[in-house]
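Worksheet: one structure, shown below.
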Amino acid sequence: MSSKTLAKFLEENLEDLKSKGLYNVIDPLESSNGPIITIGGKEYINLSSNNYLGLATDSRLQEAAIGAIHKYGVGAGAVRTINGTLDLHIKLEETIAKFKHTEAAIAYQSGFNCNMAAISAVMDKNDAILSDELNHASIIDGSRLSKAKIIVYKHSDMEDLRQKAIAAKESGLYNKLMVITDGVFSMDGDVAKLPEIVEIAEELDLMTYVDDAHGSGVLGKGAGTVKHFGLSDKVDFQIGTLSKAIGVIGGYVAGKQNLIDWLKVRSRPFLFSTALTPADAAACMRSIEILMESTELHDRLWENGRYLKQGLKELGFNIGESETPITPCIIGDEVLTQEFSKRLNEEGVYAKSIVFPTVAKGTGRVRNMPTAAHTKEMLDEAILKYEKVGKEMGII
């Protein structure tokens with residue numbers, strides 16, 4: 001007999017979410033996650049994928065994955081520290097380090113795992129973490145797991161960061177201090193003020209930790225936000241995902257050799273999870289090689305991002321202050337935002353609404369993710385649909 005307490009909890013809370021319009025219905029794709037997707041037999045222009053460079057369906061990555069399966073099989077067969085480390089994993093990590101301009105790197109099974117692994121391997125209850133208020137959920141969870149004191153500073157407010165860092169240091173309560181920030185903030189597309197953060201960190205001896213999930217492949221000619229600012233030798237932890245611009249799955253931490261050596265013996269996701277599959281490792285490595293060989297996809301992504309931004313702005317939409325191809329269309333009211341997204345969907349544009357509590361109340365938006373794989377014709381069609389629905393609903 002199943003638990004009555006659990007049944008009551010689930011029924012009440014699921015009903016509460018549904019009554020508030022916050023229950024997320026998942027739409028399964030019947031196609032690859034490219035610029036055009038198929039859901040329920042209908043085709044849509046896809047503006048919701050983080051497959052920034054279109055590499056998730058690139059034939060070169062497919063060939064690399066298939067070749068690895070033929071040589072190594074479909075699974076690594078063990079955790080990395082027993083005998084699940086393939087020469088492929090070592091080559092991938094060497095490639096990541098070269099890509100990120102660091103001494104070494106370590107690969108994990110997901111980007112989320114990286115933040116669960118790296119923060120708690122270095123920080124503990126005797127330490128403090130200064131964290132931007134808009135940092136990703138995985139940073140928040142990784143920080144909590146470490147049991148360190150979490151000190152939240154106002155979003156990209158360098159004076160607030162400085163004052164809180166000084167107070168933490170002068171308190172004498174903490175052995176180590178770390179400042180953590182996203183490189184690119186995914187909801188608005190703005191970029192962290194890394195030069196100022198590094199300056200404060202050097203002044204007060206803070207460890208620096210940058211999660212560049214949305215910056216790798218996008219900024220710094222593809223190498224990421226840290227490289228964009230020329231700070232590769234100034235940031236202690238460079239965190240990245242292999243599932244967005246890279247187009248596959250997994251994550252990594254890049255930094256000094258002794259940091260990576262420590263993570264290999266102390267980060268729990270590395271120690272207690274089976275290694276990346278051979279296919280994923282091979283595809284990730286090929287993807288990074290492509291980015292290091294040419295900026296063609298990177299340049300096309302930015303061209304498409306500018307094109308979509310200009311089109312929506314000229315129509316009168318509020319697209320915020322994004323500094324990257326991420327293009328939020330800020331509607332405001334939660335219900336209106338969800339209805340706007342629904343109408344776009346009906347018109348053949350798949351652009352999901354993002355509302356409270358993911359973003360602040362009254363700042364509901366439809367987040368658009370143009371990619372290198374979109375054609376101008378696709379973007380023109382999407383802009384036309386935005387105009388039609390926006391005027392119909394009195395938004396523009």
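Each Cβ is built from the backbone N, Cα and C atoms, and glycine gets one as well.
When SER143, SER186, SER267, SER273 are compared with the pyridoxal 5'-phosphate site residues GLY111, PHE112, ASP211, ASP212, ALA213, HIS214, THR241, LEU242, SER243, LYS244 in Swiss-Prot, the one appearing in that site is SER186. LEU242 (pyridoxal 5'-phosphate binding site) sits 23 Å from THR358 (substrate binding site), counting Cα to Cα.
When the Cα of THR358 (substrate binding site) is compared against those of the binding-site residues GLY111, SER186, ASP212, HIS214, LYS244, the shortest separation belongs to SER186. A straight line from the CA of HIS136 (substrate binding site) to the CA of HIS214 (pyridoxal 5'-phosphate binding site) spans 11 Å.
Around the Cβ of HIS136 (substrate binding site), the number of neighbouring Cβ atoms within 10 Å comes to 22. Most Cβ neighbours within 10 Å, among the binding-site residues SER186, THR358: SER186 holds that distinction in the structure as shown. The Cβ of HIS214 (pyridoxal 5'-phosphate binding site) lies under 8 Å from the Cβ of ASN50, ASP182, GLY183, VAL184, PHE185, SER186, GLY189, LYS244, THR324, ILE326, each on the same chain and at least six residues away in sequence.
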